Amino acid sequence: EEVWKSAELLKDYKPGDKVLQLRLEEGKDLEYSLDPKTKELPPLRNPDILVGENDLTALSYLHEPAVLHNLKVRFIDSKLIYTYCGIVLVAINPYEQLPIYGEDIINAYSGQNMGDMDPHIFAVAEEAYKQMARDERNQSIIVSGESGAGKTVSAKYAMRYFATVSGSASEANVEEKVLASNPIMESIGNAKTTRNDNSSRFGKYIEIGFDKRYRIIGANMRTYLLEKSRVVFQAEEERNYHIFYQLCASAALPEFKTLRLGNANYFHYTKQGGSPVIDGVDDAKEMMNTRQACTLLGISDSYQMGIFRILAGILHLGNVEFASRDSDSCTIPPKHEPLTIFCDLMGVEYEEMAHWLCHRKLATATETYIKPISKLHAINARDALAKHIYANLFNWIVDHVNKALHATVKQHSFIGVLDIYGFETFEINSFEQFCINYANEKLQQQFNMHVFKLEQEEYMKEQIPWTLIDFYDNQPCINLIEAKMGVLDLLDEECKMPKGSDDSWAQKLYNTHLNKCALFEKPRMSNKAFIIKHFADKVEYQCEGFLEKNKDTVYEEQIKVLKSSKFKLLPELFQDEEKVLSPTSATPSGRVPLSRMPIKPAKARPGQASKEHKKTVGHQFRNSLHLLMETLNATTPHYVRCIKPNDFKFPFTFDEKRAVQQLRACGVLETIRISAAGFPSRWTYQEFFSRYRVLMKQKDVLGDRKQTCKNVLEKLIQDKDKYQFGKTKIFFRAGQVAYLEKIRADKLRAACIRIQKTIRGWLMRKKYIRMRRAAITIQRHVRGYQARCYAKFLRRTRAAITIQKFQRMYVVRKRYQCMRDATIALQALLRGYMVRNKYQMMLREHKSVVIQKHVRGWLARRRYRRTLRAIVYLQCCYRRMMAKRELKKLKIEARSVERYKKLHIGLENKIMQLQRKIDEQNKEYKSLLEKMNSLEITYSTETEKLRGDVERLRMSEEEAKNATNRVISLQEEIAKLRKELHQTQSEKKSIEEWADKYKHETEQACEETLPKRNSHLESLLSLAESMEKKLVEETKQLELDLNDERLRYQNLLNEFSRLEERYDDLKDEMNLMVVKSSNISVFLSFPSLFPIFTHLCCGRGTLLDFSLLFLKQEPSEKKAALDMSLFLKLQKRVSELEQEKQSLQDELDRKEEQALRAKAKVDSLQLVKSKALDLDTLADCNLNSPDLRQELESENKKLKNELNELQKALTETRAPEVTAPGAPAYRVLLDQLTSVSEELEVRKEEVLILRSQLVSQKEAIQPKVNHTQRLHCVGEQSPQDYHMLNEDGELWLAYEGLKQANRLLESQLQSQKKSHENELESLRGEIQSLKEENNRQQQLLAQNLQLPPEARIEASLQHEITRLTNENLDLMEQLEKQDKTVRKLKKQLKVFAKKIGELEVGQMENISPGQIIDEPIRPVNIPRKEKDFQGMLEYKKEDEQKLVKNLILELKPRGVAVNLIPGLPAYILFMCVRHADYLNDDQKVRSLLTSTINGIKKVLKKRGDDFETVSFWLSNTCRFLHCLKQYSGEEGFMKHNTPRQNEHCLTNFDLAEYRQVLSDLAIQIYQQLVRVLENILQPMIVSGMLEHETIQGVSGVKPTGLRKRTSSIADEGTYTLDSIIRQLNSFHSVMCQHGMDPELIKQVVKQMFYIIGAVTLNNLLLRKDMCSWSKGMQIRYNVSQLEEWLRDKNLMNSGAKETLEPLIQAAQLLQVKKKTDEDAEAICSMCNALTTAQIVKVLNLYTPVNEFEERVLVSFIRTIQVRLRDRKDSPQLLMDAKHIFPVTFPFNPSSLALETIQIPASLGLGFISRV
């Protein structure tokens, strides 16, 4: 049913017209008759651009039909359930789950101004939270509406918002407890009604308490007017409270067996409604949720079972039946099962309970009577008892919930959430409806006063003349109900009367108020009812039951029986019943008042308790309502009005009649009326100027915006009462904005027509010119065609003649060529024959000459050899004869002594001659031997060849025999084969014929099958393509999986760093606690272990486990603030990492052991060999006995073994408790090491002495030994020669002695010669250098002589400086070399002393004696030759903390970034690590790396919100990581190194584990950098990308309502797109200055652009005012500016542009056509980066800013939804703006040479020196 209809005026209205000519929206014409008395015209519609506004007060025409139409358009067309109406949020129940309450939506609304975003319950909650923090004033959110309108859900979402945004002050998860109270209260206080499946049957006010930092610390709940009658009675299609059905559904559970429950249809109290099941609700599951919530709120299992026992008892009590004895008495059947179960469960006596259910006690002044009661009274008493028990149980649970939510610290402020029933009117209205409507009257009065007050404040602030607005005051109605002799007063008075009844009370009401009060009426047809005119509607109340419900009678004897129960919980429910005014007690109305209003206790008098107990329900409700109003008046209220769109719970169905009733009832229309009575439309001067600039001429625009607006308005609106000028705003009466919009639209329309006219004229001219050009072109082409045809004819004629000419020539030429070819062929044959004959003759002659040559040569050679042999033989014979003669002479001479003496005189010369002769003979002998050997070899080869030839001949002979046999057989075979050949030829012919036939057939078959094969081939190709696509997809999927895994790991790392920070905070707190209280001093030992634990597990899982363990051990912590699932995942991941690390560690240890064993074996072998050589030498020389050798060997082995054992023990026992100074093992090892080192020194000295003796003696006896050895050798090798030379051997001995002496002399001469040559060479070099220097000096002198005197002096000085510098450098080189030698010797001498020092000082604090000695620190600034530095930095162990402090903790990034090379701290740290590695000092390396990592973490914790600091340390951490990789010595990282850089690689340690720790640290820093970026960019994005008009004048400002959005006009404080780009420039320049890797900069930029895109799109999706064509144009322009920035910075390939794709597509979606199916198809294909939910949301939100734009039809949106139905994407509406892409650190080697790095003095690192 429609309340109002839209129509269009067909004929202008003139005053006096009685009928209006209208056309309805459906096209039907209508004549509308005006009321002749009032002549009131129907209300005007708002302009189309105002329809669908976020705020109803923004409408120009404010009245009921406009409000209703606006709500309908938003709800049905745009699927928007929230709308502002001034200060009220109107929420329409969609009866459907909407994805608008997720955590991403909460984050989007957090911190936003209320008018900036689309209306939402979260916006109201944020406003309340913000005002609480800003104004230091308590807030309240009042949620009201009909049953089923969604009040409870709205209140629940508001509480969830506070819980999410504020968090809790402690780790007790108070916010979870606050939310957990909802399921408990819903189970015991909510029920299914005909209007709502989860209707709250009580009112509640929850105060959420906050501390000074505005974090939740607790909560408190007050309840109002529980509907107790529902426990014993339910109407058709309704249910009792949920808890009863949950119990029945869980009856099968073992713990519930004792309750003896069954199906809900078995119990009287749960089956009356006939609808025990709600669709889509699992009561058993809800029971589990209720129990979990009870446990979370601290209600123990025993208490829970007690509650369920009482509830089961109530159900069994309802099944108790009574039998009538007579009209005045009744009885219960004996051993009645329901009553027996009830008594067992309640722990009371069966007889007592049975008796008092059928009797009552009457007390008079003198006596007490026990009177039986009738069956009807007994049933009423039973039901009253059940209601009373349930009400007290309800209050007990509320009391316990409040205790669980009670704040442990002092409450600073609170936000109250009131979830209370709205105005109710039914067919039959009773006492409950009366109380509900009374409460709504009070709330409406407070609401009206607040709205009126706000209006007044606004007018006063803007200095607008204030005229009193007449608004509905419902104080008379409230007086009628609660004043003296009011309805409640008369009701209480009637309840006190002994024979009071509903009829007599009704008569009193008529007598008191009828015809005296205008708001009170009597129905015509009834004497038992009355009518009250409430603010919303008239309500008729039936008097029947008012007295009974107001009294709430329960027989005292029944209560006494229950109080005497053995079941301890039951008496607890009734123990404080008399203390009605106690803050913790529960009233029969179900209210739990706060102790906020102290009430004086009455004096204790006899019988007072019973009187107080009988205080009426109405009186108690009035008191609690007054207390609530006082609380609300002391807070700033925020209103949420829930509207039920239809009574059938249909999703997104709008019943206008029901909506109007509720809008009237909830005061929304009253707000509209108050606003419309004054100046409802309000514009700032800037907004008005921007919107209506088109109505001004250039001369009207002044510098003063205010004066400009005044001048224009005076021209446009003649009636000055229609507007007022305030200080900052212009106030308009209703309808004036619509009038201005009409003028603006007319102006724009006229401008459009002019533009269209001009463009159409231009288009027609363009068309004419195009047609004229086309005609000319056609003519040109035709004429050209004709000319071409004629030219073609001429060409053809000429061509024919040419062809004829060439044809004739061809025939003659062919004939001539034929004759010529024949002649040439004959000549060629003849000449060839003659030449061949001549050639044959010459060939024969040549071959005969060759044969003759070879024969003659062979004959000459044979003759020569024969002659040679004869000559040689003759020479030999003659020489032999001469030799024999000479020998005889020599023998004779030898015998004579004188001859011997003569010979002896010139012996030396003769020896020399003999030596020469011997040498010559030896040479001849050797040459002869070689010849003989060669001859033997040639002879053997020749014989071998001959043997082979003989064998081959034999074989060929056999083969010849076989061949003859085979020839015969072959001839036979040939005959056979000829026969077969004839056969095969015949077969071949037949086969060829068959082949031709087959070929023909196959060709035909191919022609037939080829298409099939082609198709098959195509299918195979398509299959291959699909496989390739699949492969590509799988590759992409694997990449995505890798990114997901990387992201998961980095999230874990992030969580780990958070826990680590948490641990540090807790550690600091513990340290403070320890300082305060000395009894926990033992606990301080734990932090000292943490660096060791960090080092042992390389910053990974173990530290996490340990920190968690540490947290568990804290006494102050009751519960860790961790999500259990995340905690389990972390624990699992940590255990996996631990196992992996352990296995890798084991493998590493195994490899190290193998390497050590191999090295030890090699060392021992070398040692043994060297010792053996020395000992053998000693033995050969007979210097020592064998005993000494054995002794030395055994001692050596013993020392070696002991030393190895000692080293092994030291490496294996690394634990601090074992190696700590003072430990027994430590002392034993130290003693052993001392003794062994002393003994080793002694043995070394002995060995050195022995070696020196050996060398001296060896030199002394070497000639003798050599002489004897040589004699022995000669004697053995050539005894015949020896005898030949000298028979007695004396001559040979003398000869050998002289030879040895000559060799010694020769070697001395050679050495002298070499030294002399070296000296000569050096002298020549010096002479050459002196010559060069002399030449240079002469040249310089010549140049200087040519210069003027001043320049001459300057040049000579310059020359002298250069010379001195060179000399200085040379001297420094020598000094450096000497220093290196000294240091090397020191290190070698102090190895053992250093190790002892390490053990004495401890594992973490070792100081090597080599480093303690003061070394001269050379000044850094003196220039040196770079090649001499090793690229290392040396520092002392005690200076490590100083190094970390100066280089990390106190370093200012800005100074380093501007003045020094990028990454300098990283290079310095790595050079320090290199030096520690060079020293082979693992303790120093470990200590330095751990201190560095901890220092960086400390800096980032201290200055973690400073972008420069975080960027600087991210850059340096990455550079340090790259250095560790580049100089690790691994081949993969050494590809780009120079040879010099490869020399600088680490030699002793593999720091792969520390690389992983640094990589993890870099990930943490990157995530921190992203958070800093996000915090800086977040405030700029929405203002710069969406709100600011980059292209001025494209989108005018639309009229706004009371909730002012942030102005889009750029003020001084607002951000623009330029602000964002400037910030991006700043970020980029800082990162570049810090030398961050280009790949890492790309990843940071990509993340920044993702944040910009995500935040902008999320705001766009939550702001209806931003979804327009012009805004889409603004966004696209802004995005293009960002892309331009990317191009300028060469970052287009960073992937940043792709992250903006969803935003670009959303902007395109705002601009494209949205009408036809083709448009829908285009949208679906274009918006592939947007989800279906986002596309539909944008289309729903699309709003025309000008009347030239058109709305999107609902049918079009449905078409889009159908087309996108199969798309599989996320149902999430908003993008995750907090998402961080997984970061990677690609290896980026540095080309910088370490030895060239200078350390600036500004760093304060004078204590370190370059090596």
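Glycine residues also receive a Cβ, built from the backbone N, Cα and C atoms like all the rest.
In TrEMBL this protein carries:
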type    : residues                                                       : note
DOMAIN  : 1-42                                                           : domain 'Myosin N-terminal SH3-like'
DOMAIN  : 51-745                                                         : domain 'Myosin motor'
BINDING : Gly145, Glu146, Ser147, Gly148, Ala149, Gly150, Lys151, Thr152 : ATP binding site
REGION  : 581-616                                                        : region 'Disordered'
REGION  : 625-647                                                        : region 'Actin-binding'
COILED  : 897-987                                                        : coiled coil
COILED  : 1017-1076                                                      : coiled coil
COILED  : 1127-1216                                                      : coiled coil
COILED  : 1295-1395                                                      : coiled coil
DOMAIN  : 1490-1766                                                      : domain 'Dilute'
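On the structure: features taken from TrEMBL.
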residue	record	CB count, 10 Å
Gly145	ATP binding site	27
Glu146	ATP binding site	25
Ser147	ATP binding site	20
Gly148	ATP binding site	20
Ala149	ATP binding site	26
Gly150	ATP binding site	25
Lys151	ATP binding site	27
Thr152	ATP binding site	23
Using DSSP, how many residues in the domain 'Myosin N-terminal SH3-like' (1-42) fall into helix, strand and coil?
0 helix, 14 strand, 28 coil
Composition by DSSP (helix, strand, coil) of residues within the region 'Actin-binding' (625-647):
9 helix, 8 strand, 6 coil
Cβ within 8 Å of the mean position of the Cβ atoms of Gly145, Glu146, Ser147, Gly148, Ala149, Gly150, Lys151, Thr152: remaining residues of the chain near ATP:
Asn93, Asn196, Ser199, Ser200, Gly422, Cys642, Lys644
